[in-house]
Each structure stands twice: as structure tokens, then as C-alpha cells.
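Enquirer: The coiled coil annotation in Swiss-Prot covers 58-90, and the record cites sequence analysis as its basis. Residues annotated as compositional bias 'Basic and acidic residues' in Swiss-Prot: 105-127. Annotation source Swiss-Prot lists region 'Flexiple loop that anchors MAPRE1' at 91-131, citing similarity to another entry. According to Swiss-Prot, the region 'Disordered' annotation covers 97-127. Under the heading region 'Binds microtubules and protein phosphatase PP1 subunit PPP1CA', Swiss-Prot lists 131-254, citing similarity to another entry as support. Residues annotated as motif 'SXLP motif' in Swiss-Prot: 92-95.
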Amino acid sequence: MASDLEQLCSYVNEKIENIKKILSLRKLGQDPTLKTTLSKIGDEIITVNELLNQFELEIQYQEQTNSSLKELCKSLEEEFKDVEHLKEHIPSHLPQVTVTQSSTHKPDLDPKESVKAEEPVLPKKPPKEQRVIKEMHFITTDEFSGVPAYMKSRLTYCQINDVIKEINKAVVSKYKIIHQPKASMSSVKRNLYQRFINEETKDTKGRHFIVEADIKEFTTLKVDKKFHVIMNILRHCQRLSEVRGGGLTRYVIT
């Protein structure tokens with residue numbers, strides 16, 4: 001019983017001490033000479049909080065980079081093993097490469113062979129002209145520094161260029177389908193091709209563009225608030241322009 005009373009008294013005394021501390025701190029807050037100091041402390045706390053958020057974003061980016069590098073190393077190791085295996089198991093029946101030395105005396109040619117040698121060589125057909133797919137250029141550090149702070153918020157230079165990389169992936173995937181012969185298309189690609197054509201307007205003729213559906217189709221990016229903030233930054237840096245119409249926003253590569 002005495003032990004319980006002692007614990008209760010100790011608990012009550014602790015609460016009283018806490019109340020006294022709170023009251024003393026409250027009085028400090030009302031002191032005009034300390035208000036400026038407390039305000040500065042509050043500002044510093046906000047600044048530290050923002051720095052912690054930036055550190056958190058940077059740590060996430062470094063973790064993603066580390067994961068990608070591990071996957072790359074694993075892939076390279078597997079390819080190296082395959083090369084070593086091929087090197088050790090070259091089939092013996094393959095012909096050996098022989099180096100022939102040029103002779104100063106040309107052997108006599110058979111008349112029939114000389115006639116063949118004199119026949120004109122038909123010109124080769126010129127290769128088909130490859131269509132160039134326009135991709136977005138990465139932003140530079142100077143351009144990133146020139147973006148207003150309110151626009152880029154806590155985004156980093158690397159995060160923006162990572163999005164550009166994904167946008168280029170979507171652009172290349174889309175226009176490879178458009179340039180592909182229709183006869184060789186699967187039903188899925190035919191449907192995509194038809195959508196691409198339907199999204200064209202007179203303002204996008206001859207220009208490369210994508211819509212949000214292409215981002216979802218060809219990349220792992222999330223079309224969220226962060227994505228739209230980055231698109232605004234890219235428009236500010238003159239990497240793209242927008243053409244609206246028919247309920248769609250077309251992001252045109254500039």
C-alpha cells in the first residue's frame with residue numbers, strides 16, 4: 001500500500017514539475033526581448049526541415065541508382081560468363097582463318113574468267129533513308145540554376161533529366177511504330193498506330209509529340225502532380241511546347 005502511495009505521489013509531483021516548465025516557457029514566449037529570438041529559431045527549424053526533405057529525395061535517388069548499377073553488374077557478369085563459355089567451347093569443325101600473302105606475279109587467268117572479270121559491276125541499290133526520331137535534349141546545370149525556385153521546389157537536376165530519359169523512350173517507341181510497315185504490325189500495334197494518327201492535328205504535322213497515354217504505355221512514370229511540375233519546367237527551358245485540343249494535351253518536342 002505504501003509503495004502504491006509513493007508511486008502516486010511521484011507521478012503527481014512529476015506532472016506538477018511539467019506544468020511549471022510549461023508555464024515558464026509560456027512566459028518566455030510573451031517576453032518582447034525573446035520574441036525575435038524565438039522567431040529566428042522557428043525559421044531555422046523550417047530551413048532544417050526543408051534540408052531534411054532534400055536529403056531524403058537525394059537518398060531515394062542514390063538508392064535507385066545503386067539498384068540500377070547492381071542490375072547492370074549482374075547482367076555484365078552473366079554476359080562475361082557466356083563469352084568465356086563460348087571461348088572455351090569453340091567447335092573444332094569451324095574453318096580456321098588463313099592469311100594469304102599477296103604475290104608480285106599474278107597467275108594466268110582463264111579466258112572465261114577474264115571475261116567475267118571485265119563485266120561491269122552493277123551499282124548497289126542505295127540504302128533506304130532512315131527516318132530520324134527527334135529526342136529531347138537533357139537540361140544543363142546552368143539551365144537548372146535558371147529555373148525559378150518556386151517552380152522546381154525540391155526537385156533535383158538528376159530527377160528532371162531522368163524524366164527526359166523516359167520521355168525520349170516514349171517518343172522513340174511511338175515513332176518506331178509509326179514508321180513500321182503496316183503489313184508487319186500486330187493487332188496491338190495497329191490499334192496504337194490508329195490512335196497516334198487520330199491524335200495528329202494541323203499544328204503537330206511534321207513534328208514529334210506524345211500524350212499522357214504514351215507515357216503510361218511505354219514508360220513506368222506516374223502521371224501525377226510531380227510529373228506535371230517537371231513538364232512545366234521543361235516548357236520553361238524550351239524543351240517542349242503544348243498543343244491542346246479534343247481533350248488532349250500534346251507535348252511537342254522542340
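Numbering starts at 1 and runs along the chain as displayed.
Backbone N, Cα and C define each Cβ position, glycine as well.
Help me understand the surroundings of these features in the structure.
Expert: For the coiled coil (58-90), the residues of the chain that approach it from at least six positions outside its boundaries are 156, 158-159, judged by C-beta separation under 8 angstroms.
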Enquirer: DSSP on the region 'Binds microtubules and protein phosphatase PP1 subunit PPP1CA' (131-254): how many residues come out helix, how many strand, how many coil?
Expert: 68 helix, 14 strand, 42 coil
